Amino acid sequence: MANPTFTQPRFSSTEFLGLAWGGTAISLGFVIFRAFVRVVTFRRLFADDFLVFAAWLMLLASTIIWQTQYPAMYTQYELSKATIEPTPQVLAAEKTLLRAEVAVFWLFYSCLWSVKLSFLLFFRRLGENVRRIGVWWWCVLGFTVVTWITCVGDIPYWCLLGSVEYTFTQCPTLHQVSYQWTTLHYNCAVDILSDASIISIAVVLLWNVRISMRKKLALLGIFSLTIIDIIISIVRVTEIISKRTQVDLAGLQMWGEIEMTVAVIVACLGSFRQLFVRSSQSGYLKQSERSSTMHRYKIAHIFEWPRRKASRLSQSLSFWRAGSRKSEESLRSSRQATDQEEPRNTIQTYDQFEAKVTALREPKQTSAAHIDTSDTSTVPRSNDSLRPWPEVKEIDDELPLHHMGQV
């Protein structure tokens, strides 16, 4: 059987490590931001948060592995072209690389599927009051778990965990290359299908959730970032492998690092619960329930409007009447106090003043010591400027008008 042709790496080791560590660092910033927002908003972390943290740790572990194994990975290209001798040291390094590839494949699929499970748990908590979402959620969960099992199950363990002699003699065949091509395309297909099924849950929730259209569009834009992850997954299997060429290991792993980075970032951006819910507890309604509820509310609002207006008018009249009665009572009590106290004090003061004036004018006839101030009849009135009490009484009749002006 003819052997497949060998490819050359499309990325240098510097580019590979730069992209790997750059993506890991950027995704770490998003993970920290997610944790900060969750703690500040909800005072706790949820299960989907820990799944995202685990996904980032898997990304970090994969980057560390390639930091230690990238020399052996690029040496493999030289061995394929027979430009270097397969010394025992080189073969030992290649054996370690093959074992590391198994770990990286497990980390890659586990990272992506941890993000998927994180979204599923997040949507489960959001749509717990919607029965149809619950049934569909369990279907998507079962499909996601099964696809992860198949993805980690179709890894060519016999080539990666076998002896170095078997790997370099039996694995570089058209049959093995065709198997790798088939499994990578299958894994890409189920990855896309699982993403699409999870996005369908998000679309249903956004259709039924009671939030503003601006927030709905923002969330749709965030979830549309998953399309970038899908595109990267497609590029990963179409540009680096064919049925007649060996896998470009450096390109495969670099696109894998990028796909994991984008998945973690999308998980951090699209899971802020406060964008979905309102301050009230009943934040979710089915579309039919929401329409009927709004219809009933509008009808009730139309019939309740006259009653509310009449009630407010009645309250205003009651307050006005209460204020008027209070003002009248205050005025009446003021007039009574004026009628009872002010005339008596005025008479007493007037009599005393008139007696003193008479005593000063007629000192020989009447003594100030013998003046009876209690009886006004004994006091002579010789001056017209000293008016008798009836004239003062006329002023008292005008007091209510004076007090009304103050009120």
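Backbone N, Cα and C define each Cβ position, glycine as well.
Same-chain residues lying 6 or more positions outside the transmembrane segment (16-37) and placing a CB less than 8 Å from one of its CB atoms are 45, 49, 52-53, 56, 59-60, 62-63, 66-67, 70, 250, 253-254, 257-258, 260-261, 264-265, 267-269, 271-272. If you look up TrEMBL, you'll see 16-37 (among others) marked as transmembrane segment.
Averaged over the domain 'Rhodopsin' (34-277), the predicted model reaches a pLDDT of 85. What TrEMBL records for 34-277 is domain 'Rhodopsin'.
Outside the transmembrane segment (49-68), and at least 6 residues removed from its termini, the chain residues within Cβ reach (under 8 Å) are 16-17, 20-21, 23-24, 27-28, 31, 34-35, 38, 100, 103-104, 107-108, 110-112, 114-115, 117-118, 121, 253, 256-257, 260-261, 263-264, 267-268, 271. According to TrEMBL, the feature transmembrane segment maps to 49-68 (among others).
What TrEMBL records for 103-123 (among others) is transmembrane segment.
The feature transmembrane segment is assigned by TrEMBL to 135-158 (among others). Panel annotation: around the transmembrane segment (135-158), residues 102, 105-106, 109-110, 113, 116-117, 120, 123-124, 127, 166, 171, 176, 179-180, 183, 186-187, 190-191, 193-194, 197-198, 200-201, 204 of the same chain, lying at least six beyond its termini, place a Cβ under 8 Å from a Cβ of the stretch.
The transmembrane segment feature in TrEMBL is assigned to 184-207 (among others).
Residues or ranges marked as transmembrane segment in TrEMBL: 219-238 (among others). For the transmembrane segment (219-238), the residues of the chain that approach it from at least six positions outside its boundaries are 184-185, 187-188, 191-192, 195, 199, 202-203, 206, 252, 255-256, 258-259, 262-263, 265-266, 269-270, 275-276, judged by C-beta separation under 8 angstroms.
The transmembrane segment feature in TrEMBL is assigned to 258-276 (among others).
Taken from TrEMBL, the feature region 'Disordered' covers 363-388.
The feature compositional bias 'Polar residues' is assigned by TrEMBL to 374-385.
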Open item on the list: Counting only residues 6 or more past its boundaries, what in the same chain has a CB within less than 8 Å of a CB in the transmembrane segment (103-123)?
Closed with: 46-49, 51-52, 54-55, 58-59, 61-62, 65-66, 133, 137, 140-141, 144, 147-148, 151-152, 155, 187, 191, 194-195, 198, 201-202, 205, 253, 256, 259-260, 263-264, 266-267, 270-271, 273
